[in-house]
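Quick notes on the structure that follows.
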Ligand code: SF4
């Protein structure tokens, strides 16, 4: 049995910083509020809840006694109005919006001021996009996954930071084909950590007989890695727990490739590696 692990595993930098902040704040205060799920990973959320973190689903969910408490904004970011409300209701707001997301928001806002209409290749209901919408001029913004006809002529095209590189390129070609803009600015705003994980998944899946994609079932970046891997390796499994791994038939001939989503902690990967090294011994 051969086991190959992707070079980039564990939390991405944005999630790691937010996670560290939550852990440190819990040590200081015993209790901390997080606005929205910190990561799309059930095990991590359960671990943080046990340690004293309380997830607030939305503004309606803010507790009555919040004025003495601290709230953390997760890596996806939030709208300006929501942030102002949190500042009114909590004694302290720690903004852990990922710097890559913050840069995108600032860039879009600045370009709108220069007269650009901004087309964002992204999912309209994704938290990062909802945050972006709530920080810029919504009248000069279009969020879409499919290329559409646009009446404006001076255009900036950007992408949600976690979209696929290939799909974004295809989107750009299509939207330019069906429109005749007078001025177009195209910016690559996809997070490089996402792109590199996708490249590694593609490479590993082409040389593996079995692929394990570790991450939350509700994590869209993990789902994307699963889809990429499945194209090249039929025996690709998206697993969230060791229990799921135990059900997969593994042989001594298998070449196993392992990748993780950007919201999967190293501890989950280590559990999988421990299990596989034992399995390897058992099969030899
Ligand atoms: S995936 Fe990239 S943009 Fe998103 S939180 Fe992680 S580092 Fe930031």
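Every residue gets a Cβ built from N, Cα and C, even glycine.
All TrEMBL annotations are machine predictions without curation.
Its Cβ taken as reference, residue 191 ([4Fe-4S] cluster binding site) is surrounded by 22 other Cβ atoms within 10 Å in the chains shown. Summarising the annotation, TrEMBL assigns [4Fe-4S] cluster binding site to 12, 98, 191.
Annotation for residue 76 (isopentenyl diphosphate binding site): same-chain Cβ neighbours under 8 Å, separated by at least 6 residues, are 36, 97, 98, 101, 126, 127, 128, 131. In the three-state DSSP assignment, the secondary structure recorded for residue 76 (isopentenyl diphosphate binding site) is coil. Look at TrEMBL and you will find 40, 76, 126, 219, 220, 221, 263 tagged as isopentenyl diphosphate binding site.
Among the features that TrEMBL reports, dimethylallyl diphosphate binding site is placed at 40, 76, 126, 219, 220, 221, 263. Packing around residue 220 (isopentenyl diphosphate binding site) is summarised by its Cβ count: 16 other Cβ atoms lie within 10 angstroms of its Cβ, all protein chains included.
In the three-state DSSP classification, residue 221 (isopentenyl diphosphate binding site) falls within a helix. Here the Cβ of residue 221 (isopentenyl diphosphate binding site) has 24 other Cβ atoms within 10 Å, regardless of which shown protein chain they belong to. Marked as (2E)-4-hydroxy-3-methylbut-2-enyl diphosphate binding site by TrEMBL: 40, 76, 126, 161, 219, 220, 221, 263.
Using a 10 Å Cβ-Cβ cutoff, residue 128 (active site, proton donor) registers 23 neighbours. Annotation note: residue 128 (active site, proton donor) sits in a helical segment as assigned by DSSP. Taken from TrEMBL, the feature active site, proton donor covers 128.
Listed binding-site residues: 126, 191, 219, 263. Those with a CB atom under 6 Å from ligand 1: 191. If you take the C-beta of residue 40 (isopentenyl diphosphate binding site) and look for same-chain residues 6 or more apart in sequence within under 8 angstroms, you find 215, 216, 218, 219, 220, 222, 261, 263. Same-chain residues at least 6 positions away in sequence with a Cβ under 8 Å from that of residue 12 ([4Fe-4S] cluster binding site) are, in sequence order, 191, 193, 194, 262, 263.
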